[in-house]
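Some notes on the structure that comes next.
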Amino acid sequence: MTHAVATPLPVRIPIREILPYAVFVGVLSLLVMYFVSTEQGAVALFDGTTVHELVHDARHLLGFPCH
Amino acid sequence: MPLTETPTLTVRSLLVWGLLAGLVGGLLAFGFASVFGEPAVERAIALEESAGGHSHGGDGHSHAEEPTEEPADEPVSRAFQATGGLGIGAVAYGLGLGGLFGIAFAFAYGRVGRLTPRATALALAGFGYVAVVLVPFLTYPANPPAVGQAGTIEERTALYFAMIAVSVVAAVLAGAATTRLTPRLGGWPAGVLAAVGYVVVVTAVAKLLPSYREVPDGFPGDLLWEFRIASLGTSAVLWAGIGVVFAVLLHRGTARR
Ligand SMILES: [Zn+2]
């Protein structure tokens, strides 16, 4: 099949191979991005303002509502 | 030589390349934000303080330079916020986004048209920027310090994320529609039709969602513009960095014979 056409389609990665990684990375990545974008703003998992203050400028400049 | 021998990509290597790309993209975004974003942030904070304290105060939020109001409660100095804090935030966000990018690429590769691996990576970064950053930004523009009421932070945050979700889902559906319609209509008409559908959907949703007019009276328009352009630019550098670095790593990884 790949030899028959001029521009062969790239070989897809089966969904079932991607899924475990997708779940694992999805959770971890979104958690990290949550801490930069939201924690101690609209929602807070931890008390205080340290996380918010630390990533404050990145949060503003990445376009997230800060306060 | 035709690309018939393209080795099968593993999700694992895509993930590693995504994280590396995210690291580089985050560092580049940090550099851009330091040069083009920080001056606007500093000006906005100076205005906020000269205007007699925070409009958003009283809830423990501070920009860490208010000795009269919060003498002991200064977890991060303003100087560190603008340098190390910005770097940590940008790189952490870049790594997170890079990981998601690697996974998104694993799904997209070979499923959206006949693009080469590199072209797929760059297209994903371009469309990703439009769907995740640009369209939500046009709906709810980024605001510098001193802009925004503390009382609406919950709804504004929820609506901003809702807009990102709507935009991403609409973009994925548009991509799927393009693939479906291409055999019948041809690639270009299918793509244009899907793009128009995407724009109509996100425009209608943006119009229906509530908007907020929270720029304080007298806040300089040029400062707002400078900040918002720097914000768009920071994300553009991040996404472009991820796309290009990922494409390069991918090409090196797959061209190896
Ligand atoms: Zn702020």
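Counting begins at 1 with the first residue displayed.
Placement of Cβ uses the backbone N, Cα and C atoms for every residue, glycine included.
Annotated features, as they stand in TrEMBL:
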{"type": "TRANSMEM", "residues": "B:14-36", "note": "transmembrane segment"}
{"type": "REGION", "residues": "B:51-75", "note": "region 'Disordered'"}
{"type": "COMPBIAS", "residues": "B:56-66", "note": "compositional bias 'Basic and acidic residues'"}
{"type": "TRANSMEM", "residues": "B:86-109", "note": "transmembrane segment"}
{"type": "TRANSMEM", "residues": "B:121-138", "note": "transmembrane segment"}
{"type": "TRANSMEM", "residues": "B:158-178", "note": "transmembrane segment"}
{"type": "TRANSMEM", "residues": "B:190-209", "note": "transmembrane segment"}
{"type": "TRANSMEM", "residues": "B:229-250", "note": "transmembrane segment"}
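Contact count against the transmembrane segment (B:229-250) (Cβ pairs under 8 Å) is highest for B:121-138, out of B:86-109, B:121-138, B:158-178, B:190-209. By the count of Cβ pairs under 8 Å, the stretch nearest in packing to the transmembrane segment (B:86-109) among B:14-36, B:158-178, B:190-209 is B:14-36.
Same-chain residues lying 6+ beyond the ends of the transmembrane segment (B:14-36) with a Cβ under 8 Å from its Cβ atoms: 82-83, 86-87, 90-103, 105-106, 229-230, 233-235, 237-246, 249-250, 253.
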